[in-house]
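Peer 1: If you look up TrEMBL, you'll see Gly30, Asp31, Asn32, Gly33, Ser34, Gly35, Lys36, Thr37 marked as ATP binding site. Marked as domain 'RecF/RecN/SMC N-terminal' by TrEMBL: 3-359.
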Amino acid sequence: MPLKKLSVTAVRNLHPVTISPSPRINLIYGDNGSGKTSLLEAIHILGLARSFRSTRLQPVIQHEHQACTVFAEVALASGLTTSMGITRSKQADYQIRIDGQTIRSTAQLADTLPLQLINPDSFRLLEGAPKQRRQYLDWGVFHVEHQFLITWQRVQKSLKQRNSLLRRGRIERSLLTPWELEFCEASERMDAFRQAYLLKLKPAFESVLGQLIELDDLTLSYFRGWDKDRSLQQVLDSQFERDCQLGHTQAGPQRADLRLRIKGMNAAEVLSRGQQKLVVCALKIAQGHLLKERGRQQDCIFLVDDLPSELDEQHRNALCRLLEALNCQVFITGVEAEQLANSWQTDTSLSMFHVEHGHIVQTDRRLE
Ligand SMILES: Nc1ncnc2c1ncn2[C@@H]1O[C@H](COP(=O)(O)OP(=O)(O)OP(=O)(O)O)[C@@H](O)[C@H]1O
Ligand SMILES: [Mg+2]
């Protein structure tokens, strides 16, 4: 869903600005501290109501301002245009409007504007906690399976109830039964959605990875969060005493993970930083392909912050070939305009934006 027009007010050092990005490749260049990442952050806030750089929004809102606003006109697959905007204040409340209507749930933002972020921290997807890989996986499932969100909410609610009963100490097992039934039913369903998605993700990932880097031994597998040979109810029964002692539920989809291994070892412990980044790029581009294949022909927007970081020229070019082939809107930043522009094929149309002290100027010319 490409952005046709983007307006940003009071995000970091950016001066109020409206730009008309290309539906394809947008190169954002400028010196350190000029505001390039801030522009990507603004788009991220529009799609997810939060930043990727800080958990709180307060540091993102411009000093001396009480709120920041991001507004966009978005081209829909139907050929129509919709508008979406978000205002977030220092008091942490937000106002979202899509097509003139006030929206309460950020899920609708994410649904309208699927985003994929690749930045210098991306390697953390491999190295970090399982939660990040679950979020990655669930992003994909959410966008292709409409029932996923409601199922996920059922899992969260029943799990919370079960855990709060477990924390009471010695309790009658029967008290847990209604929540357990709900938890198991929703969890098995959620697992089925995740497994179905993974069946498609694996070949897409392997194909993209093969075009980026040779890592034949790398395997991607899914752990659902409990023993694959038993039902969740059987596992909960067998772990009841331990759950009581710990005061929370050990098994379930809240423990699911994606495992990336090389020769039986955790890929994060074997691969170099650059290799890890390429694996993460392949994971994210594969999701971009799956989103496109879905009936609604939806596209996601790729935000690539600091393209050259960790990547040599050959791999940078390979990544750009894949982004070109995906045929979606890309916002990509770097310090050097030439280096950014030279990574693309000569017939790819590029829009270029120079960022200087928070001012953004469209320069739109291919640097020779
Ligand atoms: N809340 C804020 N209000 C005003 N300015 C801010 C705020 N938060 C950060 N800044 C400033 O915004 C500027 C833009 O930072 P940004 O990270 O976008 O730069 P960049 O162009 O991506 O730089 P680099 O090339 O180093 O990655 C920095 O100079 C930073 O000090
Ligand atoms: Mg930056």
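The backbone N, Cα and C atoms fix where each Cβ goes, and this holds for glycine too.
TrEMBL does not curate its annotations; it predicts them automatically.
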Peer 1: Ten-angstrom check, please: count other Cβ atoms within 10 Å of the Cβ of Ser34 (ATP binding site), all chains counted.
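Peer 2: Taking every protein chain into account, the count is 22.
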Peer 1: How many other Cβ atoms are found within 10 Å of the Cβ atom of Asn32 (ATP binding site), counting all protein chains shown?
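Peer 2: 6, counting other Cβ atoms within 10 Å of Asn32 (ATP binding site).
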Peer 1: Taking the binding-site residues Asn32, Gly33, Ser34, Gly35, Lys36, Thr37, which residues show a Cβ-atom distance to ligand 2 below 6 Å?
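Peer 2: Within range of ligand 2: Lys36, Thr37.
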Peer 1: Between 0 and 100, where does the mean pLDDT of the domain 'RecF/RecN/SMC N-terminal' (3-359) sit?
Peer 2: 94
Peer 1: With the ATP site defined by Gly30, Asp31, Asn32, Gly33, Ser34, Gly35, Lys36, Thr37, which remaining residues of that chain have Cβ atoms positioned within 8 Å of the Cβ centroid?
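Peer 2: My list of surrounding residues reads Ser38, Val335, Val355.
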Peer 1: Restricting to the chain of Thr37 (ATP binding site) and a gap of 6 or more, list residues whose Cβ falls under 8 Å of its Cβ, or answer none.
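Peer 2: Long-range Cβ contacts: Arg53, Asn119, Asp305, Asp306, Thr333.
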Peer 1: So if I draw a 10 Å sphere around the Cβ of Gly35 (ATP binding site), how many other Cβ atoms end up inside it?
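Peer 2: For Gly35 (ATP binding site), the count of other Cβ atoms within 10 Å is 26.
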Peer 1: Counting other Cβ atoms within 10 Å, pick out the least crowded of the binding-site residues Gly30, Gly33.
Peer 2: Gly33
